[in-house]
Structure formats: structure tokens, C-alpha cells
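Peer 1: Pulled the feature table from TrEMBL, pasting it below:
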- Thr49, Val208: pyruvate binding site (BINDING)
- Tyr137: active site, proton donor/acceptor (ACT_SITE)
- Lys165: active site, schiff-base intermediate with substrate (ACT_SITE)
Amino acid sequence: MSQPNKHRGTIVPMVTPFTKELSLDETAAERMVDRLASHGIGAFVMGTTGEAASIPSSLRNRFVEIAVKAAAGRVPVYAGIGDNCVLNSIDAANAYLTIGVDAVVAHLPSYYTLTAGEMVQYFQLLSDQINGAIVPYNIPPATHMSIPIEVVKTISDWDNVVGFKDSENLPGRLEAIATLGNRDDFSIFMGVARNSLEAMRHGYDGLVPSSGNLAPHLWQTFEKQVEENDWDAAQETQQQANELAQIFQKDRTLGQSLATLKACMAALGLCQHYMLPPLETRPSSEIESFKPLLEAFEELPTGSSKKQD
């Protein structure tokens, strides 16, 4: 993370907070973005973690407006435009860019299986029609397809494709994506949080960890340690983040992990725990049970330290 003019750093894929009536909890949304920004952490709204596939366009637009206003230029704001209708993605992208996001994030449509050539054509259409920066996004658990490295190489040369986020954990893929880095005009982001340390060792520009919703201070610390080449300390912080993620991810489907993440956030008083259908809201009775599990990851006042057993 050595080139300051690039898209870089830690970008948290934000949970979308809802009220019991399943409307946007605007107060919580503003508070959550401000919390990230106060730690120097960017916000990625309307992604997989944010239940974007289940959210109507009017609510998406409102969350983007709140995020941009709350960030107030302190940190970058990214917004997802994933949709099975490319025209919807284009319309959303240009609306979000007008609102003021720094870039839009685009994964493949998920209904039809696409060839590599069709993937290039899809991203070409987005590039031609979107009036701003685009970060293509590979997430096979949601799209059921993997974007081949050759496709990434092709689209990385387009003027408004400013980066690539990869959330696929296959042997050798991290290293292959790393070969596309070390450029002033194209950034690479690691979307598999447990691979963050290895990614940064390979020259990635940034990270997209969902556990940052709970503990942005951990990732702020990690980023500082990487900047200082303190790899031993960064390894310890990576392990802490891995343990935190296990609280909401272990032995759960993607949807269940997102619901549990939101329940953990409710335990911390950050937002309510309600999920949009088809995902299931965790029982209210579970919320208290997460508090003792999360205590070990609380941010301490400056100069404080936890007592050792």
C-alpha cells in the first residue's frame, strides 16, 4: 500500500441496518459510516454483506446518500451495482456517482452461466455506459461463476476500471491476481479476509473484511502494521480478526453468517438485527449470548491494555 493516489486501504463491506418494519434505519446507517470513517476505514455499501440483492432501488439510493454525507470526504465510499439486469446496474451506477461515491463495484449477473468472452462484453458495456470509476468484483459464492485471470487482465487496461476485488479462495489465485498489481492506475483488493496478510505481502492495495463492521480498530491497526512492515504484529492482528470472524461465520451458510453478523452488531448496540427476506433474522434471544464472545475484541481507550490471565 505504497502509492497514495490509488484506490487503496481497508474498505468495509457494510451491513445494511433495518428497522423492525424493514425500512432503512437511517440513524444507525449514519452512525455506522461515521464509526468507520473515524478509524480511517472506507465504506462499501450495497454489497453482498449489505443484502443488496434483496433491497429496492429507492432504499439503496437513500443509503448511498447517507453514506456519502456521513463520510464527508474523510474516507472513500464505494457502492455495489450488482443486478441481473445490466440496465439497472448502469442506472444505479450513474445515480450513485452523481451522489458522490468514489467508485461503483460490479459483480457478474448470476442467472446465466457466462463464457469468458461474455464476461468481457458485460464489463465492456458497463465501462462504456458508466460515467465514473468501476471496480469489478469476483464472488463465486454469490454469482456461481469465477472471473478468469485473463478476463481481469483484459479489463484492467480500460480507463475507468480502476481496480478489482477478488473474493475467491483457490490455490494460486492470490498470487495470480498479484501479478496485476504495482500499477498507478489499477488497484487490487483482497475480499477473503483470512488471506489479508498474505495478500499484503504480495503487494495488494487493500482489503475488504466484513469483520470490520464489528471491529474497525483491528483493521486500522493491521493497516498501520503493514505500512510499517511490522509483519509479526500484523500476523497477530490477522489471527485476532480470524477469531472474530469465526463467531459469525463458522459452520454457517453465507446468509446465516450475515444474519449472525448483524445480531453481533445488535449486541454491540450498533444497529438492530433485522434481515430482509429471504434471509432469516436471528432470534432476539441470541443477541445477549454474543456479548461475552465479542468482549475480547473491544477497542480500549488509548494507553489501556486488557488484563492478562
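Glycine is no exception: its Cβ is also placed from the backbone N, Cα and C atoms.
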Peer 1: Whole-number Å only: compute the distance from the Cα of Val208 (pyruvate binding site) to the Cα of the residue listed as 'active site, schiff-base intermediate with substrate'.
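Peer 2: Here the two Cα atoms are 8 Å apart.
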Peer 1: In whole Å, how far does the CA atom of Thr49 (pyruvate binding site) lie from that of Tyr137 (active site, proton donor/acceptor)?
Peer 2: 13
Peer 1: What is the total of other Cβ atoms whose distance to the Cβ of Lys165 (active site, schiff-base intermediate with substrate) is within 10 Å?
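Peer 2: Taking every protein chain into account, the count is 27.
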Peer 1: Work out the three-state DSSP category of Lys165 (active site, schiff-base intermediate with substrate).
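Peer 2: Where Lys165 (active site, schiff-base intermediate with substrate) sits, the three-state DSSP reduction gives strand.
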Peer 1: Translate the DSSP assignment of Val208 (pyruvate binding site) into the three-state scheme.
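Peer 2: Val208 (pyruvate binding site) sits in coil per DSSP, no helix or strand.
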Peer 1: Starting from the Cβ of the residue listed as 'active site, proton donor/acceptor', draw a 10 Å sphere and report how many other Cβ atoms land inside it.
Peer 2: 28
